[in-house]
Amino acid sequence: MAGTSGLLNAVKPKIQTIDIQAAAGWGIAAAAGAIWVVQPFGWIKKTFIDPPPTEEK
């Protein structure tokens with residue numbers, strides 16, 4: 001079974017740097033697309049930027 005070694009290398013190649021870069025790029029694209037679809041800018045502004053309302057008694 002000398003041919004099985006070559007077959008396994010074709011099925012399970014080593015992970016290359018470009019594969020990691022491509023996965024990161026697709027992740028960024030997916031996150032940007034999700035933010036574009038949801039557009040939570042009002043919630044982000046209300047939650048993180050505007051000061052909390054003060055209670056006056």
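Every residue, even glycine, has its Cβ placed from backbone N, Cα and C.
Record features, source Swiss-Prot:
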{"type": "TOPO_DOM", "residues": "1-23", "note": "topological domain 'Mitochondrial matrix'"}
{"type": "TRANSMEM", "residues": "24-44", "note": "transmembrane segment"}
{"type": "TOPO_DOM", "residues": "45-57", "note": "topological domain 'Mitochondrial intermembrane'"}
DSSP-assigned states of the topological domain 'Mitochondrial intermembrane' (45-57) in counts, ordered helix, strand, coil
5 helix, 0 strand, 8 coil
Across the topological domain 'Mitochondrial matrix' (1-23), average pLDDT on the 0 to 100 scale:
78
